[in-house]
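Novice: Let me begin by handing over the structure; questions about it come next.
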Amino acid sequence: MAPNLRKSHPLLKMVNNSLIDLPTPPNISAWWNFGSLLGICLLTQILTGLLLAAHYTADTTLAFSSVAHTCRNVQYGWLIRNLHANGASFFFICIYFHIGRGFYYGSYLYKETWNTGVILLLSLMATAFVGYVLPWGQMSFWGATVITNLFSAVPYIGQTLVEWAWGGFSVDNPTLTRFFTLHFLLPFMIAGITLIHLTFLHESGSNNPLGIVSNCDKIPFHPYFSLKDILGFTLMILPLTTLALFSPNLLGDPENFTPANPLVTPPHIKPEWYFLFAYAILRSIPNKLGGVLALAASVLVLFLCPLLHKSKQRTMTFRPLSQLLFWLLTANLFILTWVGSQPVEHPFIIIGQLASITYFMIILILFPLIRTLENKMLKY
């Protein structure tokens with residue numbers, strides 16, 4: 001009998017083992033769809049980004065008008081730009097759901113997969129930040145100035161570090177050029193790390209909502225989950241196209257319709273919505289270095305998840321106290337996001353500080369305590 005090419009060809013064999021004959025737990029829910037959605041987001045962003053880069057000029061005098069030119073004069077340039085800008089928002093929606101799912105169902109116990117995932121999140125955040133600077137509007141310029149300035153909080157080498165990042169004594173042409181270079185490079189790096197992420201995942205196999213070993217009961221990925229993923233794609237592409245076609249500027253900042261002007265500071269400098277929770281944590285500490293450390297810790301704390309897992313059960317499915325804490329953490333993140341979008345004045349300052357303390361307290365103190373308590377209650 002002739003060998004099955006899908007299973008014998010060196011390249012097709014890899015595809016087959018990852019996407020077709022991959023043994024998958026039969027009970028994984030829709031929360032497991034976000035990984036494939038992130039893959040689609042990455043492909044969409046790379047494709048639309050390449051088309052935008054073909055018409056973009058990385059020069060302070062031309063960047064703003066080159067983006068306007070793309071939207072006005074290039075065939076479907078407006079659509080490509082709107083899909084790219086809003087695609088970033090969907091990328092973050094998917095990654096936050098994906099992380100939340102991993103946190104809820106104890107997927108962080110696959111340490112290598114989890115750690116590469118956190119590195120992917122950091123890379124995505126860096127990519128989105130440098131990308132936001134490229135249209136060279138007011139918020140692009142001042143966002144770049146404020147965030148890169150944070151490096152000056154590093155003791156001893158801070159100022160040198162900032163000037164090295166800027167390529168001069170302020171955010172200017174060299175900064176824009178290198179940010180464009182980084183924005184072009186990073187998505188391909190993300191694609192590479194994604195392959196490492198998947199390699200580690202396929203070493204152990206997927207987790208499932210019950211958090212139990214499912215080796216004795218698995219089904220092939222295709223056609224069951226390939227079809228389920230296609231449903232996920234449609235359900236994501238629908239709101240993305242709706243947003244890009246009906247209200248493309250809904251999530252953007254009106255300040256970015258004004259070309260960058262180093263002499264005029266916008267009344268309220270704030271990042272895109274997906275960074276607001278971290279921005280609120282940064283602002284809630286009056287000390288510059290302290291704020292920078294808290295900002296870094298707000299994301300790097302994810303690396304500690306496997307170490308803080310004290311429960312004898314993997315998932316939160318049968319742990320109502322942990323579930324309550326999880327949803328409190330979610331609500332707290334929404335509060336931080338809202339506070340980050342508000343001006344720095346009386347009620348918002350104290351709300352931000354309380355929400356920041358609560359954020360770290362829930363993750364670092366309350367979760368391990370509740371997990372230990374649940375073990376005692378279940379007589380483990």
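Every residue, even glycine, has its Cβ placed from backbone N, Cα and C.
Remember, predicted model here, so these are calculated numbers, not experimental data.
Here Swiss-Prot flags HIS84, HIS183 as heme b b562 binding site. Under the heading heme b b566 binding site, Swiss-Prot lists HIS98, HIS197, citing similarity to another entry as support. The feature ubiquinone binding site is assigned by Swiss-Prot to HIS202, with similarity to another entry given as support. What Swiss-Prot lists as transmembrane segment is 34-54, 78-99, 114-134, 179-199, 227-247, 289-309, 321-341, 348-368.
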Novice: Could you check whether the transmembrane segment (227-247) packs against the transmembrane segment (348-368) - three or more CB pairs closer than 8 Å, residues at least 6 apart in sequence?
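Specialist: Contact between the transmembrane segment (227-247) and the transmembrane segment (348-368): absent.
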Novice: Test of understanding: give the count of other CB atoms lying within 10 angstroms of the CB of HIS202 (ubiquinone binding site).
Specialist: 14
Novice: Taking just the CA atoms, what is the gap between HIS183 (heme b b562 binding site) and HIS197 (heme b b566 binding site) in Å?
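Specialist: Checking the Cα atoms of HIS183 (heme b b562 binding site) and HIS197 (heme b b566 binding site) gives a distance of 21 Å.
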Novice: Taking only same-chain residues 6+ apart in sequence, whose CB is under 8 Å from that of HIS197 (heme b b566 binding site), what do you get?
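Specialist: Expected: THR113, THR116, GLY117, LEU120.
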Novice: Do you know offhand how many angstrom separate HIS202 (ubiquinone binding site) and HIS84 (heme b b562 binding site) by C-alpha?
Specialist: 30
Novice: HIS84 (heme b b562 binding site) to HIS98 (heme b b566 binding site): how many Å between their Cα atoms?
Specialist: 21
Novice: Are the transmembrane segment (78-99) and the transmembrane segment (179-199) close enough that 3 or more Cβ pairs fall under 8 Å, when only pairs 6 or more apart in sequence count?
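Specialist: These two stretches do not touch.
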Novice: In the same chain, which residue numbers or ranges, 6 or more beyond the ends of the transmembrane segment (114-134), come under 8 angstroms Cβ to Cβ?
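Specialist: Cβ under 8 Å, 6 or more out: 56, 58, 63, 67, 88, 91-92, 95, 98-99, 102, 107-108, 140-141, 143-144, 147, 175-176, 179-180, 182-183, 186-187, 189-190, 193-194, 196-197, 200, 271-272, 274-275, 299-300, 302-303, 305-306.
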Novice: Taking residues 6+ outside the transmembrane segment (348-368), which of them lie with a CB under 8 Å of any CB in it?
Specialist: 280-281, 283-285, 294, 297-298, 301, 304, 308, 310, 322, 325, 328-329, 332-333, 335-336, 339-340, 342
Novice: So how many other Cβ atoms are close to HIS98 (heme b b566 binding site), meaning within 10 Å of its Cβ?
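Specialist: 21, counting other Cβ atoms within 10 Å of HIS98 (heme b b566 binding site).
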Novice: Out of HIS84, HIS183, give me whichever of these binding-site residues has the highest number of other Cβ atoms within 10 Å.
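Specialist: It comes out as HIS183.
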